[in-house]
Amino acid sequence: MGIREFPGGAPRGKSIAIGMRRSPDVSPRRLSDISPQLRQLKYLVVDEAIKEDLKWSRSVEDLTSGPVGLTSIEERILRITGYYGYQPWAASYKREERPRDPPGPAEAPAPAGAEAGGRAGRRCWRCSRARLRKTFWGVAVVLCVCSSWAGATQLAKLTFGKFDAPFTLTWFATNWNCLFFPLYYAGHVCKSAEKQSVKQRYRECCRLFGDNGLTLKVFVTKAAPFGVLWTLTNYLYLHAIKTINTTDASVLFCCNRAFVFLLSWIVLRDRFMGVRIVAAILAIAGIVMMTYADGFHSHSVIGIALVVGSASMSALYKVLFKLLLGSAKFGEAALFLSVLGVFNVLFITCIPVILYFTKVEYWSSFDAIPWGNLCGFSVLLLTFNIVLNFGIAVTYPTLMSLGIVLSVPVNAVVDHYTSKIVFNEVRVIAIIIIGLGFLLLLLPEEWDVWLIKLLTRLRVRRKEEAAEGGADLGLGPQSKSRRARPSFAR
């Protein structure tokens with residue numbers, strides 16, 4: 001029985017061999033010519049260890065080195081069908097550049113492969129070192145944020161036992177914001193290769209306010225509203241600490257992230273995310289349960305309302321900053337916070353004076369003021385704002401946000417030993433709900449895509465392991481059955 005020939009002269013029997021080798025003088029002319037091979041490729045399982053050898057042993061070079069070149073239509077067919085692993089970008093490789101003789105070339109590419117493996121290993125090592133360093137700095141930043149915020153809260157609570165003046169304390173601590181830009185410039189001089197003068201750096205950072213820089217009009221229209229919001233945020237929070245414990249105050253302030261999402265969704269038209277709506281609902285439910293934890297007493301309701309107001313002012317501050325000024329670099333953020341300190345000195349100083357003479361916030365003498373507590377609170381608050389605004393340079397933003405929610409258990413432990421707080425079931429559930437909502441708000445926008453990819457990879461890996469295990473089990477009983485098959489020949 002003869003073998004049927006192709007128009008180009010190649011035998012058909014060779015073209016459908018199990019090894020899928022083709023004659024070097026033939027290129028497929030029709031899609032039907034390669035349909036048997038495509039059916040075999042559909043059910044072909046190639047081991048990972050020989051994929052590289054198969055890639056070089058397939059007939060890519062035969063397709064490109066034949067007497068008749070492939071037309072654009074044939075290239076499209078081969079690219080769509082994936083025939084023999086066809087790669088258009090590999091068309092420049094010639095037969096003499098990749099000889100098929102295994103003994104000779106097997107030793108030649110070894111140094112290149114070893115070198116490539118060494119480069120890949122060094123690259124992975126550098127990447128792992130960079131991630132490890134960033135994670136280490138992240139842990140340090142989390143501890144710094146947690147300790148500074150919890151320490152500032154506890155020290156403010158301790159200060160009010162001797163100095164009952166929350167607005168004066170707010171004004172005194174805000175004045176320390178003037179140190180932001182000098183500290184930033186000192187870091188710029190120490191770290192930057194191209195050192196600039198203070199005037200040059202100031203002019204560059206003034207671009208945040210527009211082309212004209214920081215003018216009087218810009219100061220009044222853009223800096224003043226943020227100065228008012230900054231003062232209200234700190235004052236309401238400190239005033240709430242007088243009436244409720246620090247644990248409730250710190251956990252309720254975590255709701256500001258939910259308020260930021262709601263305002264951004266309404267004002268900035270940010271992307272709608274169902275998980276963040278759930279987080280906002282959890283935050284609101286936690287606020288209601290926290291109010292119910294003490295039985296709706298007047299002092300607790302007022303304190304909770306003050307903390308919620310403080311969180312709302314903080315959220316409004318962040319959303320308006322993004323709306324009016326956009327994003328800021330490190331130098332621009334430092335200059336902006338220093339401008340808020342200058343605004344506080346120039347325009348807010350009169351309010352503590354008025355409160356003193358009207359005896360709303362009165363102290364007998366300046367010697368009775370606990371200056372150590374005031375300065376300690378101001379340093380801790382300044383450290384908290386510095387790390388929160390500039391910690392992104394050394395670590396991930398999500399890790400910095402974790403420091404705020406981790407301050408809640410720290411305050412709870414301190415309150416357990418220093419105050420008469422009762423951790424009933426309602427309060428504990430409210431703390432857990434608000435903390436869960438805060439963590440949900442830390443999820444990135446593409447978290448669902450990442451989750452689907454992870455689940456897909458796990459499913460594929462599980463199927464591959466099951467297929468390998470089934471193949472191993474199938475080989476074992478088959479060989480045993482062959483050995484144990486009875487012979488009826490006598």
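Keep in mind that glycine also has a Cβ here, set from the backbone N, Cα and C atoms.
What TrEMBL annotates here:
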type: COMPBIAS; residues: 22-31; note: compositional bias 'Basic and acidic residues'
type: COMPBIAS; residues: 480-490; note: compositional bias 'Basic residues'
type: DOMAIN; residues: 137-291; note: domain 'EamA'
type: REGION; residues: 1-31; note: region 'Disordered'
type: REGION; residues: 95-118; note: region 'Disordered'
type: REGION; residues: 465-490; note: region 'Disordered'
type: TRANSMEM; residues: 136-156; note: transmembrane segment
type: TRANSMEM; residues: 168-187; note: transmembrane segment
type: TRANSMEM; residues: 208-230; note: transmembrane segment
type: TRANSMEM; residues: 250-268; note: transmembrane segment
type: TRANSMEM; residues: 275-293; note: transmembrane segment
type: TRANSMEM; residues: 299-321; note: transmembrane segment
type: TRANSMEM; residues: 333-357; note: transmembrane segment
type: TRANSMEM; residues: 394-414; note: transmembrane segment
type: TRANSMEM; residues: 426-443; note: transmembrane segment
Contact check, the transmembrane segment (250-268) vs the transmembrane segment (168-187), 3+ Cβ pairs under 8 Å, seq sep 6+: no
Which of 136-156, 275-293, 333-357, 394-414, 426-443 contacts the transmembrane segment (168-187) most, counting Cβ pairs under 8 Å: 333-357
When counting Cβ pairs under 8 Å to the transmembrane segment (299-321), the leader among 136-156, 275-293, 333-357: 275-293
Of 136-156, 275-293, 333-357, 426-443, whichever stretch has the most CB pairs under 8 A to the transmembrane segment (394-414): 136-156
Positions whose Cβ lies under 8 angstroms from the transmembrane segment (275-293), at least six residues beyond its ends: 248, 251-252, 254-255, 258-259, 261-262, 300-301, 304, 308, 424, 426-427, 429-431, 433-434, 436-438, 440-441, 443, 447
